[in-house]
């Protein structure tokens, strides 16, 4: 394909982006009524309409300047640590590919362009193969340039990865230390509670932890069955009682035990002591307490007196049978995914296997649209399949659009169905937290995109047609070395359609806008939610990592792709910062858990690019370049293992030293007793509590308190605490201070 086709695709996407960005700039000047349509945070009532003014219809770069000038602490205060990590991903990508572009465009690209003795045309009329490594002759002495560029890219990426990993781990520690007392640090989730015919799950949990954790156990809250099926069942029982009794009086008075009251003020409830449960059961079979016992799950939130006690209890084996009394660190109250907590623990491994099989089946089914897309990139096959298109495809402009732009556009449209399906699979998998479900979906979407966008397109486009890819696994690097450069045009166009154009759609919020319009048209709009939404990390993180994967694998093979990648990452940096400021509301935070995904994917991309380079150097018969590339693969793998041992444990669990220091600080300040009082009302199942007089739980506080969770003062407060510890305020030794930061 000629460069003109690539420029045509770029022009189409630039026109789309400019149009959408202009419309967005215009609407930024409209009255605040538009904020409801675009899903922005609504902090107050809609303002009155302002007078008509032509100035409002002139595009303005003010939102770009605001996004550029926003500090990291402001993003931390609005979007949480996950938002900071996401912005760091974009900054890391910009730095790495800027270095790669500087090296490859001035060193590798001239070598590729003049690799063979040929008469060059004007650049727009040149074939894309001229700019790839396929244009370099065999036994060429200039292949050392590609090997040197690969070394520079690898060392730059590894260095930036190390410093970013260290910085984010440090920020995570400061974020935990400076945070207000979190209920999750004092709480563990216990599942697979053994069933007893003589007592309820509530009594079993209390007896077990009172016996084996007597000095640290505080209280517990049993978990009740919830979900759509359970709600339908409860509604049916409620209607049956109403029809049977003929009055709402007997069914509208909630009577709960201490385990399901979620703590707090209980003036509006009739409290029944646990000791009276047996008497109630003997007196009546329709006791509300008996009904609640039937709804109990074999799971509970158990509260401890200190963070260290909860951390220790969540890590140790509670019983000789590892399938009983299974403990995990409790998620944040607003992060709990209540439906999955009721899933029996013994079913989890079956669910994981089933979702894995379903994901693989979905990937195989998706081969059909990918194969169709690759058929569009090959004009001769397209004319054989559809003879009536021969006359239409003779037009040069139509030919360039059909073979260059249309395939990637169709693939992007099909890929819209992937994130919802992977989120469904992650929900069925049994994740106990919403952030964990989104993280699991992020992995699934990432695997899916790398397989279908890269491997399937490469194999379908050039290797499977030759049936040589299945000859030997050892020949796979060689086959990839032959196939990847030929797909450079498709991957570059995919960056336009899935990258540039998606930024315009992201900033315009087209899908929420359509949903809001339909809701208003059908009068189904719910003003209580104020149009707020969480950031789709499971969609955007895999997209950025996929572009990074394409950039690393094509850096020395087709360096002409790198400038388009840099433009995308720069625009994404501005757009997503604006989205965090004006569109998305952080309801929960995983604490930067997406960075290990970024690190693992980047290292995999580097190693895979090095393996392809080995195959290329083998095809070009350059043993010197191959010999120097092999140690690079080993060194990158060792670097990855070092980072896993050095930083990953701090993302999996909090340190005992940090927990003990925070406990001592709260005990000395007298806040520990107040924290214990809040723990009783932290975790509430709203599906069971319908009484309007019930006080709001600790996990659902006022908007001002909710924003305080992600206040930038958290990290600043953490730094102040560490400074006080250095001055001896908490009687700490200098050797222990370094461990709080992990030796950073």
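Cβ from N, Cα, C; glycine included.
Where the annotation comes from TrEMBL, it is an automatic prediction and has not been curated.
Check TrEMBL against the ranges 445-467, 468-490, 491-513 and you find transmembrane segment recorded for 445-467. Checking the ranges 281-304, 305-328, 329-352, 353-376 against TrEMBL, the transmembrane segment annotation falls on 353-376. TrEMBL assigns the feature transmembrane segment to residues 6-27, out of the candidate ranges 6-27, 28-49. Ranges compared are 120-141, 142-163, 164-185, and TrEMBL records transmembrane segment for 142-163. The transmembrane segment annotation in TrEMBL falls on one of the ranges 214-246, 247-279, 544-576, namely 544-576.
Confidence across the domain 'CSC1/OSCA1-like cytosolic' (186-340), taken as the mean pLDDT and rounded to a whole number, stands at 73. When Cβ distances are compared across the two stretches, the transmembrane segment (624-643) makes contact with the transmembrane segment (142-163), since 3 or more pairs at least 6 residues apart fall below 8 angstroms. Within its own chain, the transmembrane segment (142-163) has Cβ neighbours under 8 Å at 92, 95-96, 99-100, 103-104, 107-108, 111, 115, 133, 136, 552, 555-556, 599, 602-603, 606, 609-610, 613, 616-617, 620, 622, 624-625, 628-629, 632, 635-636, 639, 643, counting only residues six or more beyond its boundaries.
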